[in-house]
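Colleague: Quick one: the structure is below, questions incoming.
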Amino acid sequence: MTNTEKRAVILLSGGLDSATVVAMARAEGYACYTMSFDYGQRHRAELDAAARVARDLGAVEHKVIGLNLSGIGGSALTDSSIAVPESPSEGIPVTYVPARNTVFLSLALGWAEVLGARDIFIGVNAVDYSGYPDCRPEFVESFERMANLATKAGVEGQGFTIRAPLQNLSKSDIVKAGIALGVDYALTVSCYQADDQGRACGKCDSCRLRAEGFTASGMSDPTRYF
């Protein structure tokens, strides 16, 4: 690392979207510091996927933060008593994890301030997505304003930018962009119910969006199913 390198902290779940974001940041010349969270999610295979993606795309450092969001509950992803739906539903789905992106971005902000990074990347999307309130442009813009009010760096004029490069892309556009940038999607796990080997259920909303993205893009889908 040198003082001339520009650094970015990137939220990396291990799924298709966040892997694409790492590749985009790398293509822009960023030294990539990736951050994942062991938050009590039922699909823990995504943590192994995140480590694989970070390694494959040359992250400078990959950090896994332990959180116990299952202690809060309220989501099918953190509470085993709530079933993951296998068909689209009206409104905000039960797979929404309360305040998840707010918590994740806050910790990424802390690491960015320590690293001297001014850019934080997140793979939220408002086109082909599940309807989560913390994936909307208004949320990203509001968090950026808060970040620059709540930090020493922000107060001293070294502002942060929250980058959401997938915000207005369709899932097929994301797939095409990632493949053009060399993302190996076989390393990724998107399924909400993935088994320990990272194989997907093929039924949940995340699996549906992923499959539709590959089909619409005309690209080969490397997803493994159980």
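For all residues, glycine too, the Cβ spot is worked out from N, Cα and C.
In case it helps, Swiss-Prot gives these features for our protein:
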type	residues	note
BINDING	L12, S13, G14, G15, L16, D17, S18, A19, T20, V21, V22	ATP binding site
BINDING	C191, C201, C204, C207	Zn(2+) binding site
Colleague: List the same-chain residues at least 6 positions away in sequence whose Cβ sits under 8 Å from the Cβ of C204 (Zn(2+) binding site), in sequence order, or say none.
Modeller: V84, P85, E86, T95, C191, Y192, Q193
Colleague: Tell me whether C201 (Zn(2+) binding site) sits in a helix, a strand or coil according to DSSP.
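Modeller: Once the DSSP labels are grouped into three classes, C201 (Zn(2+) binding site) ends up as coil.
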Colleague: I need the neighbours of the ATP site defined by L12, S13, G14, G15, L16, D17, S18, A19, T20, V21, V22. Which other residues of that chain put their C-beta within 8 angstroms of the C-beta centroid, in sequence order?
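Modeller: Residues close to the ATP site, other than L12, S13, G14, G15, L16, D17, S18, A19, T20, V21, V22: A50, V53, G123, T188.
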Colleague: Once C191, C201, C204, C207 are set aside, which residues in the chain still have Cβ within 8 Å of the Cβ centroid of the Zn(2+) site?
Modeller: V84, S190, Y192, Q193, A194, A200, G202, K203, D205, S206, R208
Colleague: Consider the binding-site residues L12, G14, L16, T20, V22 and say which one has the Cα lying nearest the Cα of C207 (Zn(2+) binding site).
Modeller: L16
Colleague: Would you say which of the binding-site residues L12, V22, C207 has the most Cβ atoms within 10 Å of its own Cβ?
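Modeller: Within the set of binding-site residues, the most crowded position is L12.
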Colleague: Please report the number of other Cβ atoms within 10 Å of the Cβ of G14 (ATP binding site).
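Modeller: Around G14 (ATP binding site), other Cβ atoms within 10 Å: 26.
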Colleague: Taking each of the binding-site residues L16, C191, C201 in turn and counting other Cβ atoms within 10 Å of its Cβ, which one has the fewest?
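Modeller: Minimum Cβ neighbour count within 10 Å, taken over the binding-site residues L16, C191, C201, occurs at C201.
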Colleague: Of all the binding-site residues given, S18, T20, which residue's CB has the most CB neighbours within 10 A?
Modeller: T20
Colleague: Cα distance, C201 (Zn(2+) binding site) to T20 (ATP binding site), nearest Å?
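Modeller: If we compare the Cα positions of T20 (ATP binding site) and C201 (Zn(2+) binding site), the gap is 22 Å.
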Colleague: To the nearest whole angstrom, state the Cα distance for the pair S18 (ATP binding site) and C201 (Zn(2+) binding site).
Modeller: 20
